[in-house]
Each structure stands twice: as structure tokens, then as C-alpha cells.
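Swiss-Prot lists 1-95, 150-164, 227-256, 556-570 with the feature topological domain 'Extracellular', giving similarity to another entry as the kind of evidence. Feature annotation from Swiss-Prot assigns N-linked glycosylation site to Asn31, Asn41, Asn51, Asn58; the stated evidence is sequence analysis. The topological domain 'Cytoplasmic' annotation in Swiss-Prot covers 117-128, 186-205, 278-534, 592-617 and is backed by similarity to another entry. Look at Swiss-Prot and you will find Cys163-Cys242 tagged as disulfide bond, backed by sequence analysis.
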Amino acid sequence: MLKTVTTAMAAGDDDVPASILEIELPAILLNESLFIELNGNLTQLVDTTSNLSQIVWNRSINGNGNSNTFDLVDDEQERAAVEFWLLVKMIAMAVVLGLMILVTIIGNVFVIAAIILERNLQNVANYLVASLAVADLFVACLVMPLGAVYEISNGWILGPELCDIWTSCDVLCCTASILHLVAIAADRYWTVTNIDYNNLRTPRRVFLMIFCVWFAALIVSLAPQFGWKDPDYMKRIEEQHCMVSQDVGYQIFATCCTFYVPLLVILFLYWKIYIIARKRIQRRAQKSFNVTLTETDCDSAVRELKKERSKRRAERKRLEAGERTPVDGDGTGGQLQRRTRKRMRICFGRNTNTANVVAGSEGAVARSMAAIAVDFASLAITREETEFSTSNYDNKSHAGTELTTVSSDADDYRTSNANEIITLSQQVAHATQHHLIASHLNAITPLAQSIAMGGVGCLTTTTPSEKALSGAGTVAGAVAGGSGSGSGEEGAGTEGKNAGVGLGGVLASIANPHQKLAKRRQLLEAKRERKAAQTLAIITGAFVICWLPFFVMALTMSLCKECEIHTAVASLFLWLGYFNSTLNPVIYTIFNPEFRRAFKRILFGRKAAARARSAKI
């Protein structure tokens, strides 16, 4: 029989030698189990067709073409290389997906722990954030691990029952996560548009929202388990493909309820929030304090001040030439009084209420210190016997202030108790070094706040020059804690500088600092507007980028049966959607400083977090 086979093979193919069945090899596998060994020569006895299908020959012809040699091809190296790269791919995929699952679990656990442990985070608004973290935690614990096994094994090997459980949990948790984003957007929209919403946002209302979210997700996820499946569902599982029901009606229902309708609602709500926030920022910027003193007004005021200084020089020369003022009967010293009035109008609103503040006694310094907030006039104060009186001053409106500035036009240089004239800026500089400044700053605050918050009205500054030569003790000393006295010559010299340079210099520089302040406010408001836009863009952008590709693919696969999507692309889109559960803890907490501080306390302990905060301060 062996001879017959040999003859038949030799007759069938001229290229095959007659001794083909005698191969100098130790052994050869035939039909997976048959070995025949004879005197070191292997003799192969098989069916001819089976033999030829399993043995690969490599033909080699010598240079003369007189003989042909056949060698068996060894694919071991190629097979080993392919298996090695498959192993590397599996390990890399397992590491990446495992890290993604771990980060998702840690992030959502941190959010839940922060809300539970930190009392200041236990408010009604954060209940939605906590429920969102629970949904994302379920995605990380129930859905992503089985999905990772599916990807690494390159097929579903866990049976149809587990496939039903996995797909149902997938739809339930992902739908709940997305619908929580809608609930948070609606909550923020109501907070912005309804002033009384903080009173209406009760725990019962928020828990009702959370219940509706989970109930809707449950309906969408359990529909296939009650018969809404396509006919090829079991066939796909047998082919190791575990997918949600591909019934066209169910896919349209599920994708619309899970993604497309929530997407439109989120985009609409955040767009309205952005528009409202932008309008409020612009309105606040318009109400902010903005001095509109023009350059022409400043120039005319400076010219008038120069004329006034020249008049004072002439008056001083007359005094030095021997002109004297009669002495009062009580012997307290001569008084030279001279009044000149100038008006400067600085408009920062529409209301025309005005008030007069006239420099006065020590006991009323706290009341008059409100004028310190208005730094565009140089207030000269005498040491003693000065009277403060206020009239028509409205603390609530702070609409306008008519400041009467007292300055000296002449001085009796021969008076031993000459007055020391100091400017407002010098008072503030000295007063900050003493304890008494705290009480005066309390008086400053209301006016400064009203100006900063954009109070309306016209500020009319009236500057009568009034000088009274009198005895010892200064209001500046009271402001600075009751210390300090000056000599007559030094006071006279200071008067000329402060009355001329102080008032004129401050007045000439009114426009520039407040223009810079207005520009700085505009930049700040623009920065706040950009930050609000960036926050909303990050929230909506992350949601759209993560889930839009998957739901477009899901709807396309159900509507277009002929369309084929590569397995790698389908897996990428699916895990990109899962990645949204990794981002949610970051997006919805990183912009909240309370959450950031809570995370630091959880990571480093309360003492370390407190030390870090004090170091920053």
C-alpha cells in the first residue's frame, strides 16, 4: 500500500520525487496525532488530500536546474512576533483602562466624602452634585470593568445573562449621569433668574429632582428587558458581540431621551445664564464710580489757583511791609479773615443732592473723616478753635458732597503760636501710624463704599479760603493720637506749599488716577466675563465632546444597516463617553474654592491645610 501511494503521488506531480516519503527528520506531526518512525526515517501514511493541505513545501531550484529541493517553512518566528505584539497591546490597554477606572473612582469618592465630612458643603445645592458623583461612581464600578474585559478579550465571553446586566447598567448609569447635568443646569438657571429661588430650593424639591432623574434613566435602561429587542440580539451574543438593542424605535427613543434632548436643554440654559451674567456685569460696570472731570475743567481750575497764589503772595508782602490786623479784646491774637470761593463740579451720576462739610472741632473729626475718602481736594486744618458743622448730609444716598476747604491767605509771622497747616494727604499718612485711625476709618467706609458701588449725584466742591490765627493744639495731633506741635515759621512755610502745590497738584491730577481706576475696573469686569464664559464653555464642551461621537454612531448603526464602523472606532467612542464620568468630579468642583479646600483637608489633614492657607495670607 505504501508503494501504491508513492507511485500515485509520483505520477500525479512530476516535480515531486519518488523518495518524497522518506524525509530525514526526527518526527513530523500528521493529522494532529499520528507518528510513524522507522530506522530514523519518517514514513508518512495519510490520505493524499489531507497530506497536501497540511504540508507546505518550499521549492528551491539549483543553478543548473537539474534538481529540485523542498524544505518545510517554519512560521514559528512570525507567529511569535504576532503573539508578542498582541500581548503588548493587551497590557497597554489594561493599564490605560485600569488607570481611567481608578481615577474615576477616586475623584467621585472625594466629592462624596467632601460633602459628607464638610459641614459648609452640606447645602441643598450640593445634593445634586453628590447624586451626580454617585451615578459616575456606578459607571466606574459596574460598567467600566466589564467593558474593559470586553475590550481586552476582543469579544464577549461572559454569556448572554451577564451581557443583559451589563448593557442595562450601562444605559442606566450613563443616562442618570447625563440627566444630572441637566438638573444642575436648571438649578443654576433658576438661581440666576429668580431672586426668591434660594428660599424655594428646599431639600424636598431637590430630592424630587433627583428621583425624577433616576426614574427616567431606569425606564430607558429596562425597556429592552421587557421585549424591546431586535431579532438579531441573541445571534450577536453568539458571535461574541454584546450590544444594546439595535431596534430602530428603541434607538431613537433612547438616544433622544439620553442625549439629544438633554443636550439642547443644557445648551439653552447655559446660554441664558451667560447672557444674564454678561448683562449684570455690564450694568455693574456702568454703575461703578467713574469721575468725568474733563481736561478743560482741570485747566481752568489750575489757572484760577495760580491767580489765587499770586494774590496771596501780594497779601503776604503787604503784611511784611507793616500792615497789621487789630487784636481781639480777649488777647488771643489777631485774626485775618479772607474768603474766596471757587466751585468745582465733578459729576458721577444724575442726582443733585448736595451736602456741606465745614472743618470744625476735634470732637467731630470722626464725622468729617468721610471727606478723607474724597482725595481730590487738599483740606487745610488749623490747630485749634476750628468749627465743624454739617448740613444736608444724606448718609444713605451719599449722592454728593460739598466740601468747604479752609486754607490760609496770610499769617502773622510774629505770632509765637503760629498755626501749622497740613494737607489731607499728610493727615492720612500720619494717622495710619496710630490707634485712633481705626475709628476714623469706620467713618470713611460708608462714603467710600457708596462711591465704589456707583452712587449717583454731582459732587460740588466749594473752596472758601478762611484762616484763623489762634493758640496751641492741632486737629492733626488729635487725628494722629494727640501728638505734635509746630513752629510758626515752619507753619508759614508749609502753608504756601500746601495751599498752592497741594491743592493745585491734586486737582490737576484728578482725571488721570480715576481714568486709570475706571480702566482697571473695565479690565476686571472683562476678566470676570471671560471667566464666566470659560466656565460654561468647559462644562458644555466636555459634555458634547465626550458623548456626541458615541450617540451619533449609535443612531447611525441602527438606521443604516449597511454602514460598518470599525471596531476600534466604536470602542474609542464608547470609552470617550465613559471618560465624561472621570471629568465630572473635576468640572463641577474645581471652580468652587470650598471644594478645593475640602480636598486639601482630606488629602493633607486640617492642620496642614490651615498652615498652607495662613502661609498664602
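Note: Cβ is positioned from N, Cα and C throughout, glycine not excepted.
Distant neighbours of the topological domain 'Extracellular' (556-570): 246-248, 251-252; these residues of the same chain sit at least 6 beyond its ends, with a Cβ under 8 Å from one of its Cβ atoms. Around the Cβ of Cys242 (disulfide bond), the same chain contributes Tyr150, Trp156, Leu158, Cys163, Trp166, Thr167, Arg236, each under 8 angstroms and 6 or more positions distant in sequence.
Beyond the topological domain 'Extracellular' (150-164), the same-chain residues lying 6 or more positions past its ends with a Cβ under 8 Å from any Cβ of the stretch are 90, 93-94, 97, 224-225, 234, 237, 240-242, 571, 575. Taking Cβ pairs closer than 8 Å, the topological domain 'Extracellular' (227-256) reaches residues 150, 155-160, 163, 166-167, 170-171, 220, 551, 554-555, 557-559 in its own chain, all 6 or more past its ends. A Cβ distance under 8 Å defines the sequence-distant neighbours of the topological domain 'Cytoplasmic' (186-205), meaning residues of its chain 6+ beyond its ends; these are 124-125, 127-128, 265, 269, 272-273, 276-277. Counting only same-chain residues 6+ beyond the ends of the topological domain 'Cytoplasmic' (117-128), those with a CB under 8 A from a CB of the stretch are 180, 183-184, 187, 191, 201-203, 206-207, 209-210, 594-595, 598, 601-602. Under DSSP, Cys163 (disulfide bond) is assigned to a helix (H, G or I) in the three-state scheme.
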